[in-house]
Structures are given as C-alpha cells and as structure tokens.
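Written below as structure tokens is the structure these notes are about.
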Amino acid sequence: MIQHAIAKLLEGEDLSRAEAAQVMTEIADGGATPAQSGAFLAALRMKGETVEEIAGAADVMRQRADRVRVSRDVFIDTCGTGGDGRHTFNISTTAAFVAAGAGVCVAKHGNRAVSSRSGSADVLAALGVNVDADKETVERCIEEVGIGFLFAVRLHPAFKAIAGVRRELGVRTIFNLLGPLANPAGARHQVLGVYEARWVPVLGGVLAALGAAHAFVVHGEGLDEIAVTGMTHVCEVKDGAVERYTIRPEDLGLPRRDAAELAGGDAAANARIVTHVLEGQQGGPRDAVLANAAAALVCAGAATDLRDGVARAARSIDSGAAREKLRQLVAATTVPA
C-alpha cells in the first residue's frame with residue numbers, strides 16, 4: 001500500500017482517510033522500510049496534508065496507543081504541537097495545573113522538547129514529577145489527584161521505529177500534528193495549539209471528524225497558544241459544529257503583553273517561571289496562563305465563556321489550588337526511598 005500511496009502523492013493526489021490509515025498501519029507494523037516511510041512523509045508534506053489524511057493517521061495512532069483508563073466522563077488535554085520556535089516557557093503545561101486546581105480532570109499528553117529547550121516532559125521532570133511513572137500510576141494520579149502526565153514516548157510504542165526516520169529527514173511531517181490528536185486516554189475535550197495559523201481550520205476539521213466533544217484549536221502571534229501579545233486565530237469545535245473567529249487579550253479582560261515577557265529557557269529556568277506563576281506572581285506569564293487555562297475550563301464546561309474562565313483560573317492560582325495540584329502530582333509519582 002505504501003508504494004501506491006507514494007505514487008499518488010507524487011502526482012498531487014489526496015489519500016482517503018482509509019488509505020492514510022492503511023499506510024500508517026503498515027508503518028506501525030514494520031511493513032514499510034525506512035526509505036519508504038521517509039518517502040511517504042516527504043511526499044505527503046510536499047503535497048500538503050488534508051483533513052482526511054490526518055484523521056486517518058490519527059485513527060491508527062489512537063488504536064495503537066497503550067490505552068490509559070479514565071473513569072470520568074469529562075477530562076481535558078492541553079497538548080499542542082510545539083515547534084513554533086518562539087522559545088516561550090511551558091504555558092499550556094502550567095495551564096493544565098490551573099485547570100486541575102479549578103476542579104477539571106486533566107490527562108496531559110506531552111513529550112520531550114521539539115524545537116524549544118524544554119518540552120512538557122522536561123519541565124515537569126525539573127519540577128519533580130516522575131514523567132516515567134508506569135501506566136497504573138498515571139491512571140491513579142488522574143483519578144485521585146485530578147491530573148496525570150501521559151508521556152508520549154512511553155505510550156505510543158508502535159511508532160518508536162519511525163522516530164529515526166523523522167530525525168534523519170529533519171523537517172516537519174504529519175507526525176508533528178498527530179501528537180495532540182492521539183491522547184492515549186481518549187480525551188474529547190481539549191485545547192490544541194498549532195505552530196502555524198494555516199493549521200487552525202485544518203485541525204479543527206480533523207477534531208470534528210474524530211468526534212471531539214468540545215475543543216479549541218488556536219494559534220496566536222506565532223505561538224501554539226492563545227496569545228496575550230496580540231490576535232489569536234481560533235477554531236472552536238463543539239459536537240460536530242465548527243466555528244472560526246479571532247480573539248484579542250482585551251476580549252478576555254487581560255492587558256496586552258510584550259512577547260519578551262513570555263521568554264523561557266532550559267527546563268530549570270522554565271520550572272522557576274511555572275513555580276512563580278503558581279505562587280501568584282503577577283505579569284505576562286500569569287496572563288498567558290490565565291488565557292489558556294480559560295479555554296481549558298470552557299471546553300470542560302467549567303466556565304461559561306473565556307472571561308469567566310479567566311476569573312476562575314485566577315481563583316485557582318490565588319487560592320493555592322493550582323500549586324497544590326503540582327505538589328500532589330509530585331508526591332503521587334515519586335517512589336519512596
């Protein structure tokens with residue numbers, strides 16, 4: 001199948017959802033050589049990935065994931081694509097703790113750094129979370145603490161082999177888009193930041209095709225986040241309906257911030273910023289977290305709109321609830337000496 005798919009792509013033809021799924025299955029099963037896998041990824045990138053192709057690939061990623069069981073009906077993910085190259089601190093990871101502190105169950109999917117110096121796994125490890133905790137521990141964290149970290153590299157074993165091909169290619173491929181679409185717990189409520197604005201409507205369409213209950217796909221001022229520095233492009237998906245619009249910080253009741261305020265560093269530096277935000281320090285990092293946590297609360301049904309979400313997120317921080325969720329997650333994932 002993969003040879004047929006490569007030929008189609010080189011002719012500029014789109015694959016159907018089923019065809020894309022067949023190719024991904026072949027790659028996952030080891031039926032494709034590294035050369036074939038690389039040619040497929042490059043040809044697909046050159047043609048441009050469609051909603052159907054991404055949905056078909058995501059179907060297989062979801063099926064092959066090591067499933068994490070969650071008993072709650074509503075739980076969220078704040079995993080973005082990464083790769084925006086802006087080197088901010090870990091905004092969506094911090095927002096996950098704020099959402100948890102506001103009473104929302106969080107199954108946070110994430111990985112090591114893509115283009116930044118600190119991915120979600122890196123900063124969580126620096127904060128004291130055992131990101132390599134086994135699946136049973138992760139499930140217990142989600143149930144008892146209300147937040148758990150789903151480490152992508154551990155929970156998508158079928159696609160370990162493709163990692164070398166991706167590294168050797170050295171360019172973005174469909175896999176840069178698939179991570180946030182393949183939460184191993186099956187989250188149907190999520191905030192998904194993308195590294196380029198052109199992917200906002202595309203991934204909105206993909207989430208609708210995959211049956212998302214309520215989700216926001218966002219890109220703001222070059223960030224795979226809701227921006228407090230300017231305009232954010234949004235695609236909101238709710239029970240099959242898709243709505244596109246833009247928002248500005250003022251719409252959320254937040255001041256406009258300078259991008260330099262959101263700059264991050266390595267995992268240790270970012271961990272300090274996360275800690276300062278959760279301790280209630282005012283400034284650009286807090287406002288960025290409030291904006292993104294607000295969207296998480298809305299998609300979980302815990303806030304009526306983004307302004308209400310900002311107010312509830314602020315209470316989560318200022319009451320100490322968000323900081324307590326981090327403390328509890330560290331304790332729950334730490335093996336006693």
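Start at 1 and count along the chain as shown; that gives each residue its number.
Each residue, glycine too, has its Cβ placed from N, Cα and C.
Among the features that Swiss-Prot reports, 5-phospho-alpha-D-ribose 1-diphosphate binding site is placed at Gly80, 83-84, Thr88, 90-93, 108-116, Ser120. Look at Swiss-Prot and you will find Gly80, Asn111 tagged as anthranilate 1 binding site. Positions annotated as Mg(2+) 1 binding site by Swiss-Prot: Ser92, Glu225. Feature annotation from Swiss-Prot assigns anthranilate 2 binding site to Arg166; the stated evidence is sequence analysis. The Mg(2+) 2 binding site annotation in Swiss-Prot covers Asp224, Glu225 and is backed by sequence analysis.
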- prompt: How many whole Å apart are the CA atoms of Arg166 (anthranilate 2 binding site) and Arg112 (5-phospho-alpha-D-ribose 1-diphosphate binding site)?
  reply: 15
Query: Taking His109, Arg166 as the binding-site residues to compare, which has the smallest set of other Cβ atoms within 10 Å?
result: Arg166
Statement: Mapped onto three states, the DSSP assignment of Asn111 (anthranilate 1 binding site) reads coil
Proximal residue to Asn111 (anthranilate 1 binding site) among binding-site residues Gly80, Thr88, Ser92, Glu225 (C-alpha distance): Gly80
- request: Between the Cα atoms of Ser92 (5-phospho-alpha-D-ribose 1-diphosphate binding site) and Glu225 (Mg(2+) 1 binding site), find the distance and write it as a whole number of Å.
  value: 7
- prompt: Hey, how far is Thr88 (5-phospho-alpha-D-ribose 1-diphosphate binding site) from Asp224 (Mg(2+) 2 binding site), Cα to Cα, in Å?
  reply: 10
Task: Out of Gly80, His109, Arg112, give those binding-site residues positioned within 10 angstroms of Asp224 (Mg(2+) 2 binding site), comparing C-alpha atoms, in sequence order.
output: Gly80
Rounded distance in angstrom between the Cα atoms of His109 (5-phospho-alpha-D-ribose 1-diphosphate binding site) and Glu225 (Mg(2+) 1 binding site): 15
- request: Check the binding-site residues Thr88, Ser92, Asn111 for other C-beta atoms within 10 angstroms of each C-beta and report the one with the most.
  value: Ser92
Around the Cβ of Gly80 (5-phospho-alpha-D-ribose 1-diphosphate binding site), the count of other Cβ atoms that are within 10 Å: 29
Distance, Glu225 (Mg(2+) 1 binding site) to Arg112 (5-phospho-alpha-D-ribose 1-diphosphate binding site) (CA atoms, angstrom): 18
